[in-house]
C-alpha cells in the first residue's frame, strides 16, 4: 500500500480500525447501508441520497462502495483541512494582540494599519459589525473562524 498521503503508520492503523467499524460484514468495502448504520450510531440522520453522495464523493473506482485506499484518501484530505484550522488560529493570534481571546476595534485597526491599510473608525467599526455575530462589539474566535471560512 503506497503512502502518498504522508500519513504516519499510527494514523494508518487508526484509520484501518475506523474503517473496520464501518465495514460491518468485513468484506473490505463500505456500502451506503453500512455508512448509514455508523452515522446513525453517531447521532446523525442522513438521507439515502446524502449517504449516496458521501460514497460517490470518495468512490474513485465508481463501484458504489468505499474500499480502504479510498477511505484513506478521504481521511488524508480531511487531515489537510485541519491544517487550515491551524492557520486560522495563527491568524487570530496576530489580531488578538493582548491574547484575551477577542479582537477589539483597536486591535483590528492596529493590525490593518501595520498592513498598510489606513482605515477610518467607521471602516473599522463596519468590519467588526460584519463579523460580530452576537453583537457584543468585538470578534471572538468562533466569529473569526466563520468570517474566514465564508471568504
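Glycine too: its Cβ is placed from the backbone N, Cα and C atoms.
Bear in mind that the values here come from a model prediction, so they are computed numbers and not experimental data.
Take the Ca(2+) 4 site that Swiss-Prot assigns to 132, 134, 136: the candidate from 123, 143 listed for it is 143.
For the Ca(2+) 3 site, Swiss-Prot lists 96, 98, 100; matching the candidates 87, 107 against that entry yields 107. When Cβ atoms from all protein chains are considered, those within 10 Å of residue 132 (Ca(2+) 4 binding site) total 17, not counting its own.
Summarising model confidence by region, the domain 'EF-hand 2' (46-81) averages a pLDDT of 88.
Residues in the domain 'EF-hand 1' (10-45) partition by DSSP class (helix H, G, I; strand E, B; coil) as 23 helix, 2 strand, 11 coil.
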